[in-house]
Amino acid sequence: RSQESRERLSVCSKLCYAVGGAPYQITGCALGFFLQIYLLDVAQVDAFYASIILFAGRVWDAITDPMVGFFISKTSWTRFGRLMPWIMFSTPFAIISYFLIWFVPDISTGQVMWYLVFYCAFQTLVTCFHVPYSALTMFISREQSERDSATAYRMTVEVLGTVLGTAIQGQIVGKVDTPCVGSPFFFGLTNSSVAMEELNMTHDTGSLTDTRNAYMIAAGVIGGLYLLCALILLLGVRERRESSELQSDEPVSFFQGLKLVMNHGPYIKLIAGFLFTSLAFMLLEGNFALFCTYTLGFRNEFQNILLAIMLSATLTIPFWQWFLTRFGKKTAVYVGISSAIPFLIAVVVLDSNLFVTYVVAVAAGISVAAAFLLPWSMLPDVIDDFKLQHPSSHGHEAIFFSFYVFFTKFTAGVSLGISTLSLDFAGYQTRGCSQPGQVNFTLKMLVSAVPVGLILLSLLLFKLYPIDEEKRSKNKKALQDLR
């Protein structure tokens, strides 16, 4: 009992730990929802090159996760811990590179390279923050219940971070009226290019400058929050070396550990299921702003619709934490993730209606909350199961977390690159007041049909995941005996 008492975490410690998850979600949400429409309609990057930026940035982001996981496994313990120094030194550089993503350089050539370089730089630096932070879950306590509780705190704050990211970016940018350009077909075929050029000259200068300034103001506010959350984490959480060590621990090399991790069946089945789930929600996230603006026609409302999704997700995180405790994590996966399917179908089948769209947004947020909470709640169970099968191998927590993020980010990069490229092929018009029918059809596929198919596939894969509540209880008792 005295040992369990020492392992219990205070509410203050859990809150400080949870706050550390906000920077990744705040910046990730702002980039996920707004970067595509920013590149296309504000920076006015060609859709083909925008697809390259989004694809390359996401893929590079995925590659950096196992790289950082490898270097963390080689990092020696310091008086601050093994993970905390990574968080400490990456923070200021991440903030600078994030701000420069939202800056439109006054250069005639090299604009694509500018966004590619700073997008990849930020993804590298935020990975140096997030991978050690994710692995920190295993170093705050040895008690499974305490880690689950801290994870619930973390997921609540992270979803709140998505609300902040959506609110700050959306409300600041949404206050500015970004001018659109009418279709050249309205001006007659012979003089269409002249008319388009005149329309650009009369509408572009003032309002578009205001829009660009609004994006930079939002980036400055989000950068300040990033710094504040990092300081709270560093000052309020103690990394405990003994929390993840067993009595028989002996060091194993990174590549030996990687081979062991990738041969662990429950881990492969878990990441396969959440791979397609994450892919579905990232496709929805990346294209939803364009879908609301052009397909539904809510140009001045999309930031509020996004905010409704994130607020709903935040408020339902405690419900899903109770649900998985009461009915088990696998049941929570089936119920939580599948609940999005009817609403994703409804948003494209029903006629464009603002009230219906808000109802769908709130309902979708409930499913988003489950998709946020469950992977991070189930990964520690997989690691515990791995420890029982390989009691002489330790220090691989970063590998588990980094490769899970690697697979989800890599596929997200591929999907976002292909989705933006498909909009280019469909005839997307930069800053158009409306889009061709092919573009609207493509957007419907990207936010409804494709995500629904991916969710159904993920639910089939979760049937193969072997760690149910009975297995979790047996593992907990066996780990206590081993320690």
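Cβ coordinates are placed from backbone N, Cα and C, and glycine is handled just like the others.
Fair warning: this is a prediction, and the values are worked out from it, not measured in the lab.
According to TrEMBL, the transmembrane segment annotation covers 15-35 (among others).
The annotation transmembrane segment is assigned in TrEMBL to 83-104 (among others).
Long-range neighbours of the transmembrane segment (116-140) within the same chain, counting only residues 6 or more positions beyond its ends whose Cβ lies under 8 Å from a Cβ of the stretch, are 9, 13, 17, 20-21, 23-24, 27-28, 35, 52-53, 56-58, 60-61, 64-65, 68-69, 72, 81-84, 86-87, 89-91, 93-94, 97-98, 100-101, 146-147, 150-151, 154, 230, 233, 237-241, 243-244, 376, 379-380, 383, 397-398, 400-402, 405. Summarising the annotation, TrEMBL assigns transmembrane segment to 116-140 (among others).
The annotation transmembrane segment is assigned in TrEMBL to 214-237 (among others).
Feature annotation from TrEMBL assigns transmembrane segment to 267-284 (among others).
Sequence-distant neighbours of the transmembrane segment (304-324) (same chain, 6+ residues past either end, Cβ-Cβ under 8 Å): 29, 33, 152, 155-156, 159-160, 162-163, 166-167, 170-171, 174, 288-289, 292, 298, 331-332, 335-336, 357-358, 361-366, 368-370, 372-374, 377. Residues or ranges marked as transmembrane segment by TrEMBL: 304-324 (among others).
Marked as transmembrane segment by TrEMBL: 331-349 (among others). Remote same-chain partners of the transmembrane segment (331-349), defined as residues 6 or more beyond its termini with a Cβ less than 8 Å from a stretch Cβ, comprise 273, 277, 284, 295, 320, 323-324, 356-357, 360, 363-364, 366-371, 374, 444, 447-449, 451-452, 455-456, 458-459, 462.
Sequence annotations record features per position, and here TrEMBL assigns transmembrane segment to 355-377 (among others). Here the transmembrane segment (355-377) has Cβ contacts under 8 Å with residues 134, 137, 148, 151-152, 154-155, 158-159, 270, 274, 277-278, 281, 284, 292, 296, 298, 305-306, 308-314, 316-317, 319-321, 324, 329, 332-333, 335-340, 343-344, 346-347, 404 of the same chain, all six or more residues outside its ends.
Annotation source TrEMBL lists transmembrane segment at 398-421 (among others). If you look at the transmembrane segment (398-421), the same-chain residues 6 or more away from its ends with a CB under 8 A from one of its CBs are 36, 47-48, 50-52, 54-59, 61-63, 65-66, 68-69, 72-73, 83, 130-132, 134-135, 137, 254, 257-258, 261-262, 267, 270-271, 274-275, 278-279, 282-283, 286-287, 375, 379, 382-383, 386, 446.
Long-range contacts of the transmembrane segment (441-462) within its own chain (CB-CB distance under 8 A, at least 6 residues past either end) are made by residues 269, 272-277, 279-281, 283-284, 286-288, 290-291, 294-295, 330, 333-334, 337-338, 340-341, 344-345, 347-348, 419, 422-423, 426. As annotated by TrEMBL, transmembrane segment applies to 441-462 (among others).
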Quiz item: Residues of the same chain, at least six outside the transmembrane segment (15-35), with any C-beta under 8 angstroms of its C-beta?
Solution: 9, 54, 87, 94, 98, 101, 119, 122, 126, 129-130, 133, 136, 140, 150, 153-162, 164-166, 168-170, 173, 215, 218, 222, 225-226, 229-230, 232-233, 235-237, 282, 285-286, 288-289, 306, 310
